[in-house]
Amino acid sequence: MKKLLEIKNLSAGYDNNIVLENISMEVFSGDFIGVIGPNGGGKTTLIKTILGLIKPVSGEMKLHISKTNIGYLPQVNQIDKRFPISVIDVVRSGKANSALFSSFHKNTEEKGKAESLLAEMGISAIRNKPIGELSGGQMQRVFLCRALMNRPELLVLDEPSTYVDNTFEGELYLKLKELNEQMAIILISHDVGTISFFVKTIACVNRSLHHHPSNIITEEQLTSYNCPLQIITHGNIPHTVLKLHDEHDHHEHNH
Amino acid sequence: MNTIIELFSYDFFVNAFMASLLAAISCGIVGTYIVSRRIVFISGGITHASFGGIGMGYYLGINPLFGAGIFAILSGMGIQLFSSKGKVREDSSIAIWWSLGMAIGIIFVYMTPGYAPNLMSYLFGSILTVSTSEIGLMLALSIIIILFFTLFYRTILYISFDEDFARTSNLPVNLFNYLLMVLISLTIVLNIRVVGIILILSLLTIPQATANVLTREFGRMMFYSVGFAFLASFIGLLVSYFADIPSGATIIFTQVILFGLVKLIKTISSSRK
């Protein structure tokens, strides 16, 4: 197993507001880590630190792969949906590191790669549509295509199941399971119950970070690690909910 | 028709025609970037801050547009610096530079002895009095903008659409943000003579809004914006000449009517489908 990145005693945040405190974590090839935690607990801050978008306040973050070898799918609400750009151009922007001088000229290899990804996701028909006209599920597929353009060794997804219907959510997780054979995946979700079926390990982020060695979390583990979660059982299906995840949390800005 | 052809035998009219064409090119392209990126308010701040340079130009006896250029670029950088490093909210930072520039301009114009000639033409534009050397500068700017946006089309598109993602792809995001800010400043300053400080924002937004009715694709929006900007500027120029009303205001008026027409036609044609 190849070590892709390591985080050591890292603290990070915005201005004087520390969101992550003294966290350590390692990611290896083949990993499929589900990141859970309450809103404002630092999930997005964690991946923005991994992507180099936020500089740590203290501690270190070491990437053993090139930054461009990380595929990134941001939260949908970070995207300006009225921006005048077509689906195919969004996907092609995934290989932006080769774009500096590639103005209007046709980069056939890159375009071919984008086309085949769209076909793989079953959305070739919308290739020329402006992104503002897409449904939630279509948009997530487009951003997944973009994240895969560079054949990443690590795929980082921030809440890919928001604004999508249940059918697509199921398809998405199956697709990720398939992709996991070729790349490591870090998946942020508030939906602990569903992702625990697919991920290999779970990291609980709430100012601190606890990387649980399996995808099964017990209530005892959670309370001893101070994770704000609660496990409820509906018949045979384990269902996990966030204890602090009440109504007013939905309106908070998600860091 | 013959009267229009006859008009082209006058130097001042040829200059005005060239000015409307070159303004359409620079404002159409740069405006598409401004509108797509939602930085219209920043551009308004830069525009008004440049008045400080015009006032200073009058006072020191140098070309007011030269002063305006310096003020525009400095305020553009200042707005970014205030909000990123100084932790001032961006809209407050814009308002500070906006009003500071205007205030400096007013003080300098007041201190300049005697009457300030052509002051109104900087505020409200005067396309019929654009000089040949100003046309030369506008031509140079249009060429630079066409080259820059053609050469770096995809880089500009990707950075504008998703800055964070562009950073993860190792694109030189900060460099491009500053370069584009300089191009916005120069575009504003060199087009001040066409429609004036008060009205320049319209050339950077209305043709783009009209283009946006017909397309939602960045590249096409730039072409359509240039087209609509030129059409409205030329019609506005003719109307203002024959009706003897201020050119800047007439051009804006034509822009808005054109926008309304395109929007109306689009609404009717899509409701028939």
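Even glycines carry a Cβ here, placed using N, Cα and C.
Predicted automatically and left uncurated, TrEMBL annotations should be read as such.
Annotated features, as they stand in TrEMBL:
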- B:12-34: transmembrane segment (TRANSMEM)
- B:65-82: transmembrane segment (TRANSMEM)
- B:94-115: transmembrane segment (TRANSMEM)
- B:135-159: transmembrane segment (TRANSMEM)
- B:171-190: transmembrane segment (TRANSMEM)
- B:196-214: transmembrane segment (TRANSMEM)
- B:221-242: transmembrane segment (TRANSMEM)
- B:248-265: transmembrane segment (TRANSMEM)
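It is B:65-82 that, among the stretches B:12-34, B:65-82, B:221-242, B:248-265, forms the most Cβ pairs under 8 Å with the transmembrane segment (B:94-115). For the transmembrane segment (B:12-34), the partner stretch with the most Cβ pairs below 8 Å, chosen from B:65-82, B:171-190, B:196-214, B:248-265, is B:196-214. The list of residues near the transmembrane segment (B:248-265) in space but at least 6 beyond its ends in sequence, with Cβ under 8 angstroms from a Cβ of it, reads 20, 124-127, 194-196, 199, 202-203, 206-207, 209-210, 213-214, 228-229, 231-233, 235-237, 239-240. Against the transmembrane segment (B:196-214), stretch B:221-242 has more CB pairs under 8 A than any other of B:65-82, B:135-159, B:171-190, B:221-242.
Away from its own ends, the transmembrane segment (B:135-159) comes close to residues 15, 18-19, 22-23, 25-26, 29-30, 33, 165-166, 169, 171-173, 176-177, 179-180, 183, 186-187, 190-191, 218-219, 222 of its chain (Cβ-Cβ under 8 Å, at least six residues beyond either end).
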